[in-house]
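Annotated in TrEMBL:
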{"type": "TRANSMEM", "residues": "77-96", "note": "transmembrane segment"}
{"type": "TRANSMEM", "residues": "102-121", "note": "transmembrane segment"}
{"type": "TRANSMEM", "residues": "146-165", "note": "transmembrane segment"}
{"type": "TRANSMEM", "residues": "171-190", "note": "transmembrane segment"}
{"type": "DOMAIN", "residues": "179-251", "note": "domain 'Concentrative nucleoside transporter N-terminal'"}
{"type": "TRANSMEM", "residues": "202-219", "note": "transmembrane segment"}
{"type": "TRANSMEM", "residues": "255-277", "note": "transmembrane segment"}
{"type": "DOMAIN", "residues": "258-355", "note": "domain 'Nucleoside transporter/FeoB GTPase Gate'"}
{"type": "TRANSMEM", "residues": "334-356", "note": "transmembrane segment"}
{"type": "DOMAIN", "residues": "361-455", "note": "domain 'Concentrative nucleoside transporter C-terminal'"}
{"type": "TRANSMEM", "residues": "418-440", "note": "transmembrane segment"}
{"type": "TRANSMEM", "residues": "460-484", "note": "transmembrane segment"}
{"type": "TRANSMEM", "residues": "496-520", "note": "transmembrane segment"}
Amino acid sequence: MFIRAGKKFSDSFFTADKEDLQLTTISCGKEQGVDNPAFFKVDFTCARLFIVDHSKACIPITATEIFCKTHSKIIKYIALGILAAGYLAYFIAAVYLDFQRAIALVVLTCLGVFIIVCELVNKYKGDSIRRFFKPAQRCFKSNTRWIKWVFIVIVVGLLVAWLAIDTRKRPEQLIPFGGVCLFVIAIFLFSAHRTAVSWRTVFWGLGLQFAIGLFIIRTEPGLLAFEWLGKQVQIFLDYTKAGSSFVFGDLIENIFAFQALPIVVFFSSVMSVLYYLGVMQWVITKISWAMQVTMGTSSTETLSVAGNIFVGQTEAPLLIRPYLKDMTKSEIHAVMTGGFATIAGSVMGAFISFGIDASSLISASVMAAPCALAISKLSYPETEKSKFTSKNQIKVDSGGEQNVLEAVSGGASASIGLVANIAANLIAFLAILDFINATLKWMGGMVGYPEVTFEVRSEIICTYALCGFANFSSLGIVIGGLSSICPQKKSDISTLVLRALFTGTCVSLINACIAGILFVPPLDCVDVFQNVFNTTTSNIETCCNDLFESTINNGTIYFEGSWSGVKNATIYFANCCGLFEESVCM
């Protein structure tokens, strides 16, 4: 049956009779069949009939829906404005009540505001800014050759000067520098295509790694930032106990498996949710852009290697899943090397839960990313024409989860198989380290130094060296994971995986060498005080100041912090007071 001319409408609405089971609506001049009797609103602009509920009682609801759809953008901005105003009030209240307690909130808020402002500027003024810098860009390109050589001379000069000054008192730091040079030469000699090596990629990658390490290890802001980040990660992982204690009870206190498994499951689920929400893709894209611009690598391999900072060796390639089939052998090799050279995701969470320093693990994973890309291009240089030279050519894959709950469940299920691999690595690491310590003590005892041990300097450096997943048990994970994602590249993956394993191992060792160059062992003040006190020694002054800061003198002298349990601390305090006049000595 059809809507007949002359049918009465009341306020642009009409109700179809129950027997009018087959109606025809007119939509912009076309007739369309409608299966169900319903209530219609006529839009005379394009003669569209909107289907709504049969009951007249639904008229207000329908009108509200139509109003919301029509003014959805305005309503969205009003809602965002209300939320922003509410958060601003909350933020001001938190800062006013206790600023020290709200420091983390201030940092996160500033970071969020900075990101939003950058995105808005890029969206609305990005083209104008790029046009403004076009002349400077043309000038730079026309003088690239001499600018490049001036930059190289300056960087090499600064590096030589820094090494000369910094290693003057600690010449043993030149040993890891020699190690970096040795690894670079060895990988070059075993390179698949020595004549095709892009030294720009190699030196930029090592330079970025060194710069990141210098900021994290040597500067106070970098050290404090990563120490704070490490503590926050540790606090976050402690929430695992709520679920694990419910499932395992008191077993989590004594049995390794019940300590490791909950951490892996929890962290994997959280990363899966962040991946579903698109947070990880955004962060990874920004990091990969910085590496791609400086190192000149393709967008796909750079995205995957940057992803390895946060997710595991089989999850990171999912970011570029649609493009794997078109990637070159060198790019596939770089993807696998990035997975072997880093520990991220649930594996990192488990290692932190075992007492390994969180800030060192996080910084090692960040430092390893540019190094992995650089050394992979030294081991297997690019000899083919890549299809992905621009970041605009690819779109980051967001995974197949339909909602947050599926992301939580999928992340938890995918994590269980990692526990056995983690346990095997820890057994090997701890056993070998204990054997090396015993050997060094035995050898030191032969010449009167029985306390020689590998632990004083190696605890941090070994964290960097072992911050990778380059072991034979990972070969199956990589081959199986990548082959399932991209069956067309299975033969290339199987051919290159051993070379990638070797390259990933070298990346971890180079990471440790960089840490060895930069890391300064803490001063052992007890050992300093056991020698003769001398005001001309800078170490004596440093240690005395540290002791003074830990001293409480309210008629009775006692010590706080690390000095509270030091034997003969009172004697050391008296000797320091004899050398330096401090109020705490009065």
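Cβ coordinates come from backbone N, Cα and C, glycine included.
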So, does the transmembrane segment (102-121) come close enough to the transmembrane segment (496-520) to give 3+ Cβ pairs below 8 Å, pairs being at least 6 apart in sequence?
no
Which sequence-distant residues neighbour the transmembrane segment (171-190)? Criterion: at least 6 residues beyond either end, Cβ under 8 Å.
163, 197, 202, 206, 375, 378-379, 503, 506, 509-510, 512-517
Using a Cβ-Cβ cut-off of under 8 Å, list the residues of the same chain that are 6+ residues beyond the ends of the transmembrane segment (77-96) and lie near it.
102, 105-106, 109
Report the mean pLDDT of the predicted model across the domain 'Concentrative nucleoside transporter N-terminal' (179-251), rounded to a whole number.
85
With helix taken as DSSP H, G or I, strand as E or B and everything else coil, how many residues of the domain 'Nucleoside transporter/FeoB GTPase Gate' (258-355) land in each class?
77 helix, 0 strand, 21 coil
